[in-house]
Amino acid sequence: MEFKLKHKDGMARVCEITTAHSTFLTPVFMPVGTVGAVKSLDANDMKNELDAKIILANTYHMYLRPTSKVVKDFGGLHGFTKFDRSFLTDSGGFQAFSLSKNSKHFNEGIEFKSHIDGSRHLFTPKSVLDTQYDFNSDIMMILDDLVALPATKERVKISVDRTILWAKEAITYHKSMQNKGIGIGQNIFGIIQGGTDYKERKRCALSLNEMPFDGLAIGGLSVGEENALMYETVQNLNPYLDENRPRYLMGVGTPEDLVENVERGVDMFDCVMPTRNARNGTFFTSFGKFNIKKAEFINDHEAIDPACSCYTCCNFSRGYLNHLFKAKELTFFRLASLHNLHYYLELARKMREAILNNSFTQFKRNFYHLRGK
């Protein structure tokens with residue numbers, strides 16, 4: 001992976017990242033294709049309608065079904081999905097933690113029950129990389145020990161100890177596999193844990209900074225803490241993160257979260273929020289969000305956002321989308337998802353532009369002003 005820090009405005013950054021399959025600028029939002037597809041959209045939508053340069057797929061889900069062997073037989077995720085740009089795959093640790101009621105965390109890994117058939121599985125630092133080698137993803141995430149917040153100091157310390165242990169095991173294994181010709185062209189990111197405990201976050205960040213990861217992620221946030229505490233945690237981490245590697249805030253979040261964390265030096269984001277909200281009838285716009293199912297939109301001839309240039313806004317009215325949603329027409333999910341993802345990707349583009357123009361502070365002021373804040 002090639003990484004270039006192109007410009008800074010305060011702590012906000014524009015970086016250029018080149019993988020084996022695409023080049024993209026940050027700040028970047030990565031649409032989430034949990035099972036190898038962004039819900040209701042295909043590779044053509046992602047490339048031609050949205051021009052997404054990188055998307056995320058989920059190791060836990062793809063490991064269980066269709067299995068990594070099947071994906072490998074198709075030539076990895078790119079051959080399987082026909083999305084020929086960059087893929088980031090997470091380690092599956094979060095899903096093993098959140099979807100399995102009886103998951104157990106040991107120093108060896110995470111034992112969990114499949115949410116599909118109840119079968120038992122073990123994720124280890126090595127096994128999740130083996131799965132991602134089969135996927136041939138451009139960016140692989142290591143296994144980390146996530147804790148739900150609030151958590152005791154003792155549990156947070158165990159999480160950091162275990163995450164550092166697994167990080168060492170993962171990076172050593174990855175380098176040894178590359179020496180054998182496996183994982184060439186694949187990049188590996190470490191994940192910083194520590195909850196909202198300043199000392200533990202710092203300890204984890206400093207330890208992972210010493211390891212030759214291609215990038216660093218901030219995990220374990222947006223899991224129950226207040227937004228202000230999340231922002232403070234990210235800001236406090238900034239001095240301890242290597243400037244010459246990408247910074248990825250996992251699973252975050254709202255448009256406001258993106259703006260606030262870009263201001264605090266984050267480069268990469270992913271979240272299911274735009275597509276999940278789309279399926280529930282909620283649209284993100286330059287003036288905030290609203291739900292299309294309200295009766296006031298039945299005869300509304302306006303686009304979802306008159307300032308938006310997405311396929312949905314250029315072709316269809318709020319009244320039509322109100323009708324599709326109430327009729328439970330499947331077409332609605334595609335049109336709504338196209339709009340919401342376009343909004344997120346366009347927000348990232350506007351932030352890049354503002355940073356390059358040294359006007360991010362003014363951009364943020366205008367962003368909130370349009371929302372009446």
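Indices start at 1 and increase along the chain as displayed.
Backbone N, Cα and C define each Cβ position, glycine as well.
Positions annotated as substrate binding site by Swiss-Prot, on the basis of sequence analysis: Asp90, Ser91, Gly92, Gly93, Phe94, Asp144, Gln193, Gly220. If you look up Swiss-Prot, you'll see Asp90 marked as active site, proton acceptor. Annotation comment: Swiss-Prot describes 251-257, 275-279 as region 'RNA binding'. Taken from Swiss-Prot, the feature active site, nucleophile applies to Asp270, supported by sequence analysis. Taken from Swiss-Prot, the feature Zn(2+) binding site covers Cys308, Cys310, Cys313, His339.
Taking the features listed in Swiss-Prot, we show where each one sits on the structure.
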| residue | record | CB count, 10 Å |
| --- | --- | --- |
| Asp90 | substrate binding site | 31 |
| Gly92 | substrate binding site | 26 |
| Gly93 | substrate binding site | 28 |
| Asp144 | substrate binding site | 31 |
| Gln193 | substrate binding site | 28 |
| Gly220 | substrate binding site | 30 |
| Asp270 | active site, nucleophile | 21 |
| Cys308 | Zn(2+) binding site | 19 |
| Cys310 | Zn(2+) binding site | 21 |
| Cys313 | Zn(2+) binding site | 23 |
Residue distribution over DSSP helix, strand and coil in the region 'RNA binding' (251-257): 3 helix, 0 strand, 4 coil
Fewest Cβ neighbours within 10 Å, where candidates are the binding-site residues Ser91, Phe94: Phe94
Cβ-based neighbourhood (8 Å from the centroid) of the substrate site, residues Asp90, Ser91, Gly92, Gly93, Phe94, Asp144, Gln193, Gly220 excluded: Phe97, Met141, Ile142, Leu143, Asp145, Leu146, Ile191, Gly219, Met250
Additional residues around Zn(2+), ordered along the sequence, whose Cβ is within 8 Å of the centroid of Cys308, Cys310, Cys313, His339: Ala303, Ile304, Asp305, Ser309, Tyr311, Thr312, Cys314, Leu338, His342, Tyr343
Candidate binding-site residues Cys308, Cys310, His339, pick with smallest Cα gap to Gly92 (substrate binding site): His339
Three-class DSSP secondary structure - Cys310 (Zn(2+) binding site): coil
Spatial separation of His339 (Zn(2+) binding site) from Asp270 (active site, nucleophile) - C-alpha basis, Å: 16
By Cα-Cα distance, the member of binding-site residues Cys308, Cys310, Cys313, His339 nearest Asp144 (substrate binding site): His339
Intrachain C-beta neighbours of His339 (Zn(2+) binding site), sequence separation six or more, cut-off 8 angstroms: Ala278, Phe283, Phe284, Ile304, Asp305, Cys308, Cys310, Thr312, Cys313
Secondary-structure category, per DSSP, in which the residue listed as 'active site, nucleophile' falls: strand
